[in-house]
Amino acid sequence: MNVYYEQDADLGRLQGKNIAVLGYGSQGHAHALNLKDSGMNVCVGLRPDSSSCAKAREAGLRVEPVADAVKWADIVMVLLPDQTQKAVYEAEIAPNMVAGNTLAFGHGFNIHYNQIVPPADVDVIMIAPKSPGHLVRRTYTEGNGVPCLIAVHQDATGEAKKTALAWAKGIGGTKAGVIETNFKDETETDLFGEQAVLCGGSAELIKAGFETLVEAGYPEELAYFECMHELKLIVDLYYEGGLSRMNYSVSDTAEYGGMTRGPRLITSAVKAEMKKVLEEVQDGRFAREFIDECNGGYKNLNRLREENSGHAIEKVGAKLRNMMSWLVRK
């Protein structure tokens, strides 16, 4: 894969351009503020009734309704929730873009699954920091950055990649490294990771471990500590140095037990199911299911949220976290 750094990107590609960042959430605020501090002409596009309007203005940013921001801009970055992007695009973005504009995304979902089909005369790019927005902002203010992905879906002007690299540099990404990919690979790996490991697989593993201990007669408090609370300690080791760092850092007892018992839990049958999950991402079944869920008022999602919030691990966890001074919110 191609990896780019500071010397490979030219901020001059953005200078003199009008830049609209749509959304002011985790990623939106980081992109807008970092680009502003890099000397760019930035406007944030929001609904007039959005609670984020005041926050953005207090941070020194210009704020306009989405349609006005798009009409003014040469480059439009869409950092809105996946499920709202299509409607906003059709009502407020598409009617106000002109030939030669750049349409940018932080995630490839709507382009890859054809929910948004831009006209052929605009550039379509992606700049996706591989960190939450607060870290994108913090590392930038410290003079550093986080790794980013870039991709070009459509290059009408012949300059799309240069624009993507310049944007990545403007938010600090080239100080860490910018990896070139494509919308398909970014979207499919991102969704699979969320479903099979990060949000789906890990949550179910935690609940199954907790339930196993409680059903065997152990106190819920101990089960919580062993299966939920201490997971952060292990994940931090993975994050810092991979699997080897974790194995080096834990006791020999833990290392041996993990290496000999772990494969009994994550079996070939589990991997086979992971492949099915990946197939549903690849062929669009998950995307269609999620879109139908959104259009249907989130009935299934709301039911699942309620079921999860009522799980015993949530109740005992809330009680135990109140004992942890570093977690208690004032």
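Even glycines carry a Cβ here, placed using N, Cα and C.
Residues or ranges marked as domain 'KARI N-terminal Rossmann' in Swiss-Prot (evidence: sequence analysis): 1-181.
The NADP(+) binding site annotation in Swiss-Prot covers Tyr24, Gly25, Ser26, Gln27, Arg47, Ser50, Ser52, Asp82, Gln83, Thr84, Gln85, Gly133 and is backed by sequence analysis. All protein chains included, Ser26 (NADP(+) binding site) registers 16 other Cβ atoms within 10 Å of its own Cβ.
Take the CB of His107 (active site) and look out to 10 A: across all protein chains shown you find 21 other CB atoms. Taken from Swiss-Prot, the feature active site applies to His107.
In the predicted model, the domain 'KARI C-terminal knotted' (182-327) shows an average pLDDT of 97. The feature domain 'KARI C-terminal knotted' is assigned by Swiss-Prot to 182-327, with sequence analysis given as support.
Annotated Mg(2+) 2 binding site per Swiss-Prot: Asp190, Glu226, Glu230, in sequence order. Sequence-distant neighbours of Asp190 (Mg(2+) 2 binding site) (same chain, 6+ residues apart, CB-CB distance under 8 A): His107, Gly108.
Positions annotated as Mg(2+) 1 binding site by Swiss-Prot, on the basis of sequence analysis: Asp190, Glu194.
What Swiss-Prot lists as substrate binding site is Ser251. In the shown protein chains, 8 other C-beta atoms lie within 10 A of the C-beta of Ser251 (substrate binding site).
The shortest Cα-Cα distance from Gln83 (NADP(+) binding site) to any of the binding-site residues (Glu194, Glu226, Glu230, Ser251) is found for Glu194. Nearest neighbour of Gln85 (NADP(+) binding site) by Cα distance, taken over the binding-site residues Glu226, Glu230, Ser251: Glu230.
Candidate binding-site residues: Glu194, Glu226, Glu230, Ser251. Nearest to Ser52 (NADP(+) binding site) by Cα distance: Glu194. Each residue of the domain 'KARI C-terminal knotted' (182-327) gets a DSSP state, and the totals for helix, strand and coil are 121 helix, 0 strand, 25 coil.
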